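As given in TrEMBL:
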type	residues	note
DOMAIN	29-79	domain 'Insertion element IS150 protein InsJ-like helix-turn-helix'
DOMAIN	88-158	domain 'Transposase Tc1-like'
DOMAIN	168-319	domain 'Tc1-like transposase DDE'
Amino acid sequence: MIGYKSNFPEMLSHSQTRMGRGSPLCKQMREQIVEQFKNNISQRAIARNLGISSSTVRNIIKRFRESGEITARKRQGRKPTLNARDLRSLRRYCIKNRHQCIKDITTWAQEHFKKPLSVTTVRRYICKCKLKLYYAKKKPFINNTQKRRRVHWAQAHLRWTDAKWKSVLWSDESTFQIVFGNCGRRVLRTNEEKNHPNCYRRKVQKPASVMVWGCISAQGMGNLHICEGTIDAERYIQVLEQHMLPSKQRLFHGRPCLFQQDNAKPHSARVTTAWLRSKRVRVLDWPACSPDPSPIENMWRIMKHKIRQRRPRTVDQLKLYIKQEWERIPPEKLQKLVSSVPKRLLSV
């Protein structure tokens, strides 16, 4: 009985240091094995003293002799569900079907690879393919003829200097809407809060809106006109006469310049073209369905973002905010936007 009590703590210490099957030994145990090996104790005696198997002692001593290290080697781990060949097939399918959701890709992967794959597993392997889900850029739909004309137009204007682009008066129309409810496309919530009223993104069917016309240049902001009702050719000519010509005179002081406008029906009407010719206004030719090369589009986006943060509640308040934000655009921002036109042409 006395001998049993004296041996019990020693047995308990060995059982505490011993780990489960397949688990690496702790660092202290490895150091004890190497220390006893240096004291010329046999491997069988070391295994008996520490209460571990002889093969474990032999492997640790072998690794210490070869590399001088006692750390455990990196294990191979569980084999991946998809090998390199499967990853290449998954990448090809994702690139071919870029607009599919993860659930549809998972359904295809389960049928193609004949393996039980979850949505989380497929998402992880898509990241291994160096692919990631992003919000797609919104671009107007153009056919092949319009694509060729865009490329030819961009190539023809690539050699224009910054001074040439600074002599352009950029014009465009845009629509501003009254914002209701929350503005963000995403919301921070738990899985159980999906039906919480504060987590909804509320929207109305037809919010009140205001259509404006404006023009800018690298020299500064032109006039801003708030349009009432629809714009036809006759009303557009009135806008040009009351706002475009004074802006042109104020910004360029009689120096030669080019007037830019898109190919909307009121802009390309015969009456409008004849009026511009009679006023000796040189118009920059513009490809169809090409709002992206124009820097005024970015300026509209900046203004809409700022007005959305101010959250107007009425149409009169919206008009007031539009005029205020139009006057707050700094000249440095305009020069930076106009200077980025050559990069836009290269992307085209």
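Glycine is treated like the rest: Cβ placed from N, Cα and C.
TrEMBL annotations: computationally assigned, not manually curated.
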Quick one: DSSP breakdown of the domain 'Insertion element IS150 protein InsJ-like helix-turn-helix' (29-79) into helix, strand and coil?
-> 32 helix, 0 strand, 19 coil
Per DSSP, the domain 'Transposase Tc1-like' (88-158) contains 44 helix, 0 strand, 27 coil
